[in-house]
C-alpha cells in the first residue's frame, strides 16, 4: 500500500498456435478483463471531448485490432502493459489510508531486452532504474504465432479527496437523468389520460346507470334493461379453466410481493451495486418466502369458484411457474456449460436453489393454501343464474383478441424507456442503481394496468359479454408480448451478438423475464377488475 511500482515484469509468454487463436478470438469478440481491488471494480477512465467529463468503462479490453500506417492488413495487438492508478483517502488522525479508486490505462508495447531471458533480465523498453516508463503504444505488441509477449505493470498511488463512504459515486455517475425524468413524465401523461377515462366512467356513466337502474321502474321499463345490468346473473359465473386462473393469480401475487419488497429495500439503499449479487439473492429469497401469499391468494379464489381440493391447487401453484422457468434455465445453463464458460451456475448452487424451492417455498405455499381455504368463501354481490345467458354478437373492436392486444400497449408504453436502461445494464455491463426512478415507474405500471383493464372490462360488460375473468388477466398481461418484441428489437439494433449460443441465451433469459412480467401485470389487471365488478354490482338493486 502506497508503495509505487514501476515496470514490474509478470511473465514472458511464447505464443503457440492454440494460444494465438484464443487471443485473436477474444480480441475480435471485444472481451474485457475485469479485476477487483478492495471490492472496487477496475475501470478505464475515458475523457469525453464533447462534455469535458470522464466516463468509466468497466474492465479493459484484452487487445485491439488495427493497421500499421500505409498498410491495409488488419493485425491483432494485445494489451500487455497495465498502468494502474490506485486512489486512496488518508485519515487525518491515524495516517492510515483507504482505497477509494482503482483505474488502469492499458498499453500494447513490444518489449525488448538484451541477451537471454531469465528472471533477472532487464527490459530496455521499460526500466525503473533508467526512469524509462511506458507512456504510449507507438510500438505495439502483435499477436502472432512464435512471438514473445512480456507482461508488465506499473502502480501509482494518488491521494484523493473522495471519502470512503462515497467511493462508488464515480461508478454510478449517470449523465442522462433528463431521460429518466422524460420517462416519468411520459408515463404520468398515460396515467392521467387513463385516470380521466376511469373517472368519467365511474362518476358520469356509472352514476347515471346506477341511479337509472335503482329508480322504481314500471314493469315494462324493467323488461327493457340494457347494458351491464343485464348480465348480473352471469357475471360471477366461474370461468373455464378456473383452476389454472387461480394458479396464475397466486403466482402473480407471489411475484408482486417479491418485486415490491425488493424495490423498497433497494430504494432505502440496502441493495447497492457494491454488494455484489445482493439484488439477485434478495429477489430469490423473497420469492421463496412470498410462497405463503401465493398459496393464500390461489386458495381464496379457488374456494370462491366452489373448488374443494385445496391441496391440488396449492401443489400446482407451488410447482407450475418455477418448473417452467427452471426448465428453460437448465437448458440455458447446459449451453453455457458446454461452452466451458465460467458463467455457468455450479451444481452446488443448483442444488441450493432446488432445496429452497422444495424445502421452503412448497411448504409455505401449502401453509398459505390451508389458511386461505379455512377462511369463509368470498360472497358474490349478486346471485348467478342456473342457465348461462347467450352472448350477443360483438362489434369487431370488442373481439377478445383485439381488445387484449390493445390493452397491453399502454402498460408497456409506461415502462419502455426505463426498460431500455435495465436492458443496457444487464447486457452491456453497466451499473443500474436508480431504484427511486424504477419504483416510481413500477407504481405507474400498477396504476396503468389497473385502469386500462377496468376501462376495457366496463366496455365489455356494456356490450353484454360477461366472460371477463380470463380477459381481465390477459388484457394487462399482454404487455409482456410487447416487452418480448421490444427485447427482439433491442437485440438487432443495440447488441452485436454473432454467436448462436449467446443469441439463444439472450432470448432464453428475455423469455423468462417476459413470462414473469405477464404473470405480474396480469394479476394486477385481474384484481382491479375483480374489485370493479364487485363494486358496481353491489351498487344496484336487483329484483
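Any Cβ shown, glycine's included, is placed from N, Cα and C.
Taken verbatim from TrEMBL:
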type	residues	note
TRANSMEM	181-203	transmembrane segment
TRANSMEM	245-271	transmembrane segment
TRANSMEM	277-297	transmembrane segment
TRANSMEM	318-338	transmembrane segment
TRANSMEM	350-373	transmembrane segment
TRANSMEM	394-427	transmembrane segment
TRANSMEM	433-461	transmembrane segment
TRANSMEM	473-492	transmembrane segment
TRANSMEM	504-532	transmembrane segment
- [ ] Sort out the residues at least 6 away from either end of the transmembrane segment (245-271), same chain, that have Cβ-Cβ distances under 8 Å to it, and list them.
- [x] 239, 278-279, 282-283, 286-287, 290-291, 293-299, 301-302, 305, 307, 313, 316-317, 320-321, 365, 435-436, 438-439, 442, 469-470, 473, 516, 519-520, 522-524, 526-527
Open item on the list: Any contact between the transmembrane segment (433-461) and the transmembrane segment (181-203)? By contact I mean 3+ C-beta pairs closer than 8 Å, pairs at least 6 apart along the chain.
Closed with: yes
Open item on the list: How about the transmembrane segment (277-297) with the transmembrane segment (473-492) - do they touch, taking at least 3 C-beta pairs under 8 Å (6 or more apart in sequence) as contact?
Closed with: no
Task: Residues of the parent chain within Cβ reach of the transmembrane segment (394-427), under 8 Å, 6 or more residues beyond its termini - done: 179-180, 182-183, 186-187, 190-191, 194, 434, 437-438, 441, 444-445, 448-449, 452-453, 456, 459-460, 463, 465, 467, 471, 474-483, 486-487, 490, 494-495, 506, 521, 525
